[in-house]
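*Asks:* The structure under discussion is supplied below as structure tokens; questions concerning it will follow.
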Amino acid sequence: SGESGAGKTESTKLLLQHIMNLCKGNSQLEQQILQVNPLLEAFGNAQTVMNDNSSRFGKYIQLRFQKNTVRGAKLSEYLLEKSRVVQQDTGERNFHIFYYMFAGLSSEEKEMYGLLDPSLYRYISGRFGTQDVAQRWKQKYQEVCNALDMVGFQDQEQVDMQAILAGVLSLGNVTFEPEERNGSVKVSEASRGWLKAAAVINVLRQLVCCVPCPPWSPSVSCCCLCADARDSIAKVAYGRVFGWIVCKINELLAENVDPEVELSEIGILDIFGFENFAVNRFEQLCINLANEQLQHFFNHHIFQMEQAAYKEEELPWETITFNNNEPILNLLLAKPLGLLSLLDEQSAFPQATDKTLVDKLNSSFKGNLHFQPGRGRVLGFSIIHYAGKVQYTAGGFLEKNRDTLPANVRGLFINSITPLLSLLFTGKSLFLLWLAGLLIFLCPRQHSLMMLMERMYSANPHFVRCIKPNSQKEPGVVDSQVVLLQLRYNGLLETIRIRRDGFSWRPSFEEFAER
């Protein structure tokens, strides 16, 4: 755990290499476990203002052992930041894979996928990079292709997957305008070419008739509805592709042993770090909630369980106090009046807006020490997290929490001319396997986090705390104030004290007697 950009993903890769080395083997499986990383990072990581290679999803890697040999592995993914596909803030980029494709595909391949100059695409904000950066992306694209081959993706599957990604980009450039004769909505004349380029998704052609426009609704409002549906399609298509990749990886890494053989397990959780940007949205609230829960889990094991054991054995011990973040979790998770419960309640009302949500939060949490109403004209609120105060912009909270796709649009996906896209929405074959293991991630994100925490509490945990040396993303620079702030809010100063004053070596009575 640690802040965004503190080195969690790099530490995870080093830890995996170390474990594979300790196995003293060089099996194909061990190499495959290490080689899936480029694939996951290309599709699940992106540049943010805090980190040039930020994980925009959480992953839990389960390594399964028989004696000292790795016999299998499984990857679970949590809360992919799908909204990044359609919107990025200043100084940020979309997922790496889009840029890798532009840099790595040949001119003939770009023509086949209908890709034009990258500066034209709204979903990547018209930003590309310097020649040096493009060369690096080209190398990364080759790594991705090698990883796809290694995992076992067929050539046609790779073509279909890149066709879907190219279609998503073209889809983002489709705009809508009112129909003069009857007040309905049509695809704008200027974006007809983009509609044709996005035809691989075979959905937009019928999108307008899929989005109901009430007769009293102004046509400009219907244009916004169509644009929202367009973005929903892009997000869900990308999310399904990512889930399919994870499923294929798990097929490759699955253990091939007798089901009755008992396997031991080491699990590694690499999850997005605490975030506080200039503009913080629904995604940051989910990320910071996950970090609040992990901090509480850390406190529970390091302070509460530890000191309870000393008390049970009647050891002389002066209680060490720590910054307990339970009140913050109650603010967020309590039922029926926690923030997320109220968010779900508002999401169920068709007439509710982001403003009615904020009004509800302000009245419900008046006087709460960890909640502050928004100030000025920006619709929002602030939460005093364990790591500091974060101001959230409430725009889009209800829509993102609902995370819905019109039912008739799903039917269009199923009938897509691209076999892979149809497969991802029929619930058959590979996707059914993925869905069985990851259904919780299609449900509200609280359930996803709850399942993750249940998994954590059933394990015997070891904590790796990553400390960010400076806020400028500079190598070899240690800002002592930045470091000290992290040591304080993570509870590491109290952890040092309990480790120093406590009992770090705990042999069993048998081990002690034998000594």
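Positions of Cβ are set from backbone N, Cα and C atoms, glycine also.
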*Asks:* Any idea which of 150-172, 403-425, 426-448, 449-471 is down as region 'Actin-binding' in TrEMBL?
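*Replies:* Region 'Actin-binding', as annotated by TrEMBL, spans 449-471.
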*Asks:* Write out, in the order they occur in the sequence, the residues of the chain not among Gly2, Glu3, Ser4, Gly5, Ala6, Gly7, Lys8, Thr9 that have a C-beta within 8 Å of the mean position of the C-beta atoms of the recorded ATP site.
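*Replies:* Residues close to the ATP site, other than Gly2, Glu3, Ser4, Gly5, Ala6, Gly7, Lys8, Thr9: Asn51, Gly273, Cys466, Lys468.
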*Asks:* Suppose we draw a 10 Å sphere around the Cβ of Gly2 (ATP binding site). How many other Cβ atoms does it contain, all chains included?
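*Replies:* That number is 18.
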*Asks:* With helix taken as DSSP H, G or I, strand as E or B and everything else coil, how many residues of the region 'Actin-binding' (449-471) land in each class?
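*Replies:* Once the DSSP states are binned, the region 'Actin-binding' (449-471) shows 9 helix, 0 strand, 14 coil.
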*Asks:* Which residue, out of the binding-site residues Gly5, Gly7, shows the minimum number of other Cβ atoms inside 10 Å of its Cβ in this structure?
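*Replies:* Output over binding-site residues Gly5, Gly7: least Cβ neighbours within 10 Å is Gly7.
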*Asks:* What average pLDDT is reported by the model for the region 'Actin-binding' (449-471)?
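*Replies:* The average pLDDT of the model in the region 'Actin-binding' (449-471) works out to 87.
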